[in-house]
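Visitor: A single structure is presented below for examination.
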Amino acid sequence: MLEQIRRPADLQHLSQQQLRDLAAEIRELLVHKVAATGGHLGPNLGVVELTLALHRVFDSPHDPIIFDTGHQAYVHKMLTGRCQDFDSLRKKAGLSGYPSRAESEHDWVESSHASTALSYADGLAKAFELAGNRNRHVVAVVGDGALTGGMCWEALNNIAATPRPVVIVVNDNGRSYAPTIGGVADHLATLRLQPAYERLLEKGRDALHSLPLIGQIAYRFMHSVKAGIKDSLSPQLLFTDLGLKYVGPVDGHDEHAVEVALRKARGFGGPVIVHVVTRKGMGYPPAEADQAEQMHTCGVMDPTTGQPTKIAAPDWTAIFSDALIGYAMKRRDIVAITAAMPGPTGLTAFGQCFPDRLFDVGIAEQHAMTSAAGLAMGRMHPVVAIYSTFLNRAFDQIMMDVALHKLPVTMVIDRAGITGSDGPSHNGMWDLSMLGIVPGMRVAAPRDAIRLREELGEALDVDDGPTAIRFPKGDVCEDIPALKRRSGVDVLAVPATGLAQDVLLVGVGVFASMALAVAKRLHNQGIGVTVIDPRWVLPVCDGVLELAHTHKLIVTLEDNGVNGGVGAAVSTALRQVEIDTPCRDVGLPQEFYDHASRSEVLADLGLTDQDVARRITGWVVAFGHCGSGDDAGQYGPRSSQTM
């Protein structure tokens, strides 16, 4: 049946039984397609009936449907003409794992960061009103814990102020990645209890109505008591007191009930909340049995069992998790903070060991950072574990609440650099540029597991300002021993015997291994290369400047945007001490990159050892000639320059 659904209008003629059959078919397809590519399975299994109802009630794209945390949009894609493309999900040139304006007119925003849909909806509704299109509804689907984000409440405050037709669907599955934390979650949980409570009152009413006059009096008394109790217990007042109408709670897996609620909401003509209760992972036993995350995300797996098809190697997150627990066993002042992602950031095990020292603040990165500042003021050493892409959301708090006060807060930045298959919204290529302008900030980029443990310990020993440690997604690189350590810098390779100190190659973090491969290629061409890992990459340490003075060309190699990254910092530092060795930066052009594997993105950007070696050879030739010993001349223009 799904093959016959090419556009939302094709749903209109289906019977309720056909809709139930279609929902089952969609779930089966979701499991098999996501099992083959990896992706967000649990959230999409939970919104099948809801998405069917949305497209039967509203006229997309005339009525925009905006998915907050856009990983809930797989079913939406299936119903808007993209079902046949799911074999390419999250692959290069294939279907995005999030809404994509390039894919379909039904996708209004490239949504993937949480708590933004209501603000988009508010703006669209205002635009439609100004254009005289008040018959257009805007639907925002908010779920997976997004209401724990403060931006949602800022938007609700504005949406409620005017009678524009905004329908806010709260997809309440009680979870983000893990169970949703906080007062809003508790309020919604109370609302979920109300249907049973209402049914009990209905039975009491029927019994009392069967009695003579005394029954009518008793019913009126009970109804007045009920109203008082409900007013005191109903968290729907959170919404109605703002001026928003409220419909629900509704069983999110009863398509007809959801459709009735949505039609009712559509008829109001103003802002309304539709509270839909769903189960993440619905209909797939392995997901339902996953108590921790209900298979929020999965890699390639066996669709029958839900088990991964290959044994995962130790990754960066696991190494960090183990190291942090080790340090915390020795120091009671170490605490950890996560913004609704204890599992993905490696803090679940920490919480099991130290339940009173892990704080899950919900999807609230700004609050997480300022709360960390408060903990540091109270003589704790907080570790904020966060994805690089989400660190952007807390920049003001890092600057004004942490750094201004010189507080010892350690930020552990996971998924730094190119992450790949999740696309432009999840690449962590901005953090070095952002943190580089924060006064007093010290940033480390470990090249391997040994250095991660080592640099985490060093960060935890800092008591006079903020620190950050960044590492990428995926398996840990092989350990790379240093030949020696000089002024805080690890020297990983030196020119072969007989070659001059032509190039100083600065490998940042995991790019140290690429730097060694590049050096080998250059050595084979007679170019002498020293490879170093600065370890603490920002601010630029004296060891880098000392070595820069003795080489003829400096090249930095980093998985960050070239604007404002380590290369730019090295160039600035050289100018400040009047070292005129030319500097070239190899990194990521400041652009948004479509989803593909990490290796595919890097190859497309020319960030392979072969391509980088070729570029450096060109610079060496342009600047002069290389040679051995004293006959090696100084290269060309005597200035620091970033490319």
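Each Cβ is built from the backbone N, Cα and C atoms, and glycine gets one as well.
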Visitor: Given that Swiss-Prot annotates His71, Ser112, His113, Ala114, Gly145, Ala146, Asn173, Tyr284 as thiamine diphosphate-binding, name the residue from Glu365, Glu454, Glu455 that shares the site.
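Guide: The candidate from Glu365, Glu454, Glu455 that Swiss-Prot ties to thiamine diphosphate along with His71, Ser112, His113, Ala114, Gly145, Ala146, Asn173, Tyr284 is Glu365.
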Visitor: Around Asn173 (thiamine diphosphate binding site), how many other C-beta atoms are within 10 angstroms of its C-beta?
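Guide: Excluding its own Cβ, the number within 10 Å is 25.
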Visitor: Indicate whether His71 (thiamine diphosphate binding site) is helix, strand or coil by DSSP.
Guide: helix
Visitor: Reduce the DSSP letter at Gly145 (thiamine diphosphate binding site) to three states and note it down.
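Guide: The three-state answer is coil.
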Visitor: Tell me the coarse DSSP state (helix, strand, coil) of Glu365 (thiamine diphosphate binding site).
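Guide: The residue in question, Glu365 (thiamine diphosphate binding site), is helix (DSSP, three-state).
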Visitor: Given a separation of at least six residues and a C-beta threshold under 8 Å, show me what packs close to His113 (thiamine diphosphate binding site) in the same chain.
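Guide: Set apart from His113 (thiamine diphosphate binding site) by at least 6 residues yet with Cβ under 8 Å, we have Thr69, Thr389, Phe390, Arg393, Ser425.
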Visitor: Any idea of the Cα spread of the thiamine diphosphate site, His71, Ser112, His113, Ala114, Gly145, Ala146, Asn173, Tyr284, Glu365, as a max distance in Å?
Guide: 32
